[in-house]
Amino acid sequence: MTIATDMHKEAAGLSTEALLRRVQALKKEMNAIILAHYYTLPEIQQAADIVGDSLALARAAEKTSADVIVFAGVYFMAETAKILNPGKMVLMPDPGAGCPLADSCPEEEFRAFRQAHPDAIAITYVNSSAAIKKLSDIICTSSNAEHIVRQIPPEQQIIFGPDRNLGAWVMKRTGRDMLLWQGFCYVHDAYSEVYMIQAKAMYPDAELIAHPECREEVLRQASFVGSTSALLDYTEKSPRKSFIVATEPGILYEMEKRSPGKVFIPAPKDPANPRSVCKQMKQNTLDKLYLCMVNRSPEITVDESLREGALKSIKRMLEMSA
């Protein structure tokens with residue numbers, strides 16, 4: 001039996017509390033910071049120093065003084081942290097946790113799309129690979145996409161990708177006509193209008209709120225649309241006591257933590273398309289987090305020429321959303 005196998009068996013036999021204690025001890029020993037997305041498991045969020053959306057986590061990665069960044073999210077997030085911090089070690093509990101939305105935009109196809117529209121600038125959702133970021137002019141998140149698009153001169157043609165639903169929402173909000181890449185998040189795209197109407201009838205006192213990665217038919221049923229951080233702020237400040245939440249249900253942990261007296265109902269899915277959970281986010285388990293810190297592996301690396309190209313579009317986002 002190998003040492004690695006022994007360590008995996010040991011980690012599997014530890015309680016959540018014991019693993020959390022070990023993770024905290026390792027964090028101090030390594031001078032590490034743990035960043036986690038709102039869609040990760042509750043115990044991962046408990047272990048994290050900062051839990052946030054893509055923009056908040058990118059800013060945290062840019063500003064940290066830690067020597068090691070441990071990123072519990074999906075691959076493009078850890079990759080973005082490495083792009084911003086080439087001199088730091090960036091670890092990820094499970095590099096196999098990819099993002100199907102990011103994967104829906106292959107480098108060569110996106111390059112051809114750009115070449116077909118040479119006068120357009122490309123504003124690209126952060127849910128994309130480093131190669132796509134290098135091919136882009138400005139990166140955005142769901143928190144700042146509208147704000148960034150509003151800063152572009154009205155005569156300038158815009159390519160927006162890879163999420164068609166977020167792009168359509170930004171078009172509606174800004175009145176801009178953009179060329180949309182036809183990607184989507186499988187979790188958010190699975191919501192349908194008929195089930196939102198049924199949920200509102202079933203819970204008449206609850207307010208429907210939704211993430212802009214949902215389809216337009218769902219968004220028109222919502223009384224508030226926003227990024228994960230915006231949804232959290234809204235529910236925390238709202239006088240309403242119950243909410244139907246149309247986004248990945250991992251966010252309910254933070255909502256309940258911030259507003260313990262309120263009720264949060266996961267929006268229902270079509271039984272014929274019941275993909276309500278981001279299984280990639282859930283690949284970040286507490287034992288994997290512990291083991292990646294013990295082993296200082298898997299480590300995320302980015303080729304320097306790729307990193308430099310991608311950094312320009314990320315920096316442009318951070319400047320435009322400051």
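Cβ atoms are placed via backbone N, Cα and C, with glycine included.
Matching SER104, SER142, SER192 to the iminosuccinate binding residues that Swiss-Prot gives (HIS37, SER54, TYR125, VAL126, ASN127, HIS211, PRO212, GLU213, THR228) identifies SER142. Of the residues CYS278, CYS292, Swiss-Prot places CYS278 in the same [4Fe-4S] cluster site as CYS99, CYS185. Ranking the binding-site residues HIS37, ASN127, HIS211, GLU213 by the distance of their Cα atoms from the Cα of CYS185 ([4Fe-4S] cluster binding site) places GLU213 first.
In sequence order, TYR39, VAL74, PRO100, LEU101, ASN127, TYR186, VAL187, GLU248, GLN280, MET281 are the same-chain residues whose CB sits within 8 A of the CB centroid of CYS99, CYS185, CYS278, the residues recorded for [4Fe-4S] cluster being left out. Around CYS278 ([4Fe-4S] cluster binding site), the C-beta neighbours below 8 angstroms that are at least 6 residues distant in the chain are TYR39, VAL74, VAL187, GLU248, GLY250. DSSP assigns TYR125 (iminosuccinate binding site) to a strand in the three-state reduction.
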